[in-house]
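The structure appears right after this line, and notes come after that.
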Amino acid sequence: MSTAAKGSLEGGFVAKKSFGQNFLHNEKIIDKIIQTGEISENDAILEIGPGHGALTKKLVLSPAREIILCEKDDFLFEEIKKKYDLKKTKVIHQDALTLIPSLIVRKPFKVISNLPYNISSPVIISLLSVCPTTPDKMVLMLQKEVAQRLIAPVGDSNRGWLTALVEMVCEARIAIDVSRYNFTPVPKVESSVLEMKNIVMPRDFSVKQAIRVLKAGFVSKRKKIKNSLFGFFKVPQEKVTSLSDKYKIDINLRAEDLTKENWIDLIREFKDLGLI
């Protein structure tokens, strides 16, 4: 049994499956996460689900000017609050999904977290679509399958609407693959650290508008976009043909086959047509 596991048991804490709690205890991997974060003295950092503070203690030692710790669990919130009641830390007892829509932070702003797996995709969506301060960079521990899906290339059947959105707004890569045996309790899945950098929101439309179009395109993944995307928005056939000719888009393709540039062109046009 690892030291982290013993500490959890001796402290009387039992990980909650409903909260997706799996605590990282490998110091070398934690150091790699910190390195990937490229933290400077100007950065504000958000950590979601700090748990017992294995990553937190390294964040506190970093040059970051501000560290925001968001913990939903009552027991862990009290533990983290006692450990890290410091001038540059702010410990918040709240569900991350209710915090994010009201989170205003002075930039540069980075999110560095070992995310609870049961909320990983909703957290990413919220940070990109409803957070008043868009992160400049995110370094997130995710289920490996989720991380791989988020960087799936054009034409890959694993692509989904969130893959297309991530590709549209940032550069994403898997920085580290992490064995499940580096966590307590040991999860059933493998993990990966996803780095999302150079995050820039679209200029000509909102992320919410982009999401509406992307969801329509991917709602029936095996359908061609002439039926799924254009059919959903009831675009007249002559307009479909016009857009296809204008942007050299084959309407017999599936959503997974469209490039970032294809999506940007279509979302902009759908906005101009008043469809979103």
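In case you wondered, yes, glycine gets a Cβ from its N, Cα and C as well.
The annotation S-adenosyl-L-methionine binding site is assigned in TrEMBL to N22, L24, G49, E71, D95, N114. As annotated by TrEMBL, domain 'Ribosomal RNA adenine methylase transferase N-terminal' applies to 29-200.
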Where N22 (S-adenosyl-L-methionine binding site) sits in the secondary structure, as DSSP reduces it to three classes: coil
Per-residue pLDDT averaged over the domain 'Ribosomal RNA adenine methylase transferase N-terminal' (29-200), given as an integer: 96
L24 (S-adenosyl-L-methionine binding site): tally of other CB atoms within 10 A of its CB: 21
Cβ atoms near N22 (S-adenosyl-L-methionine binding site) (within 10 Å, other residues, all chains): 25
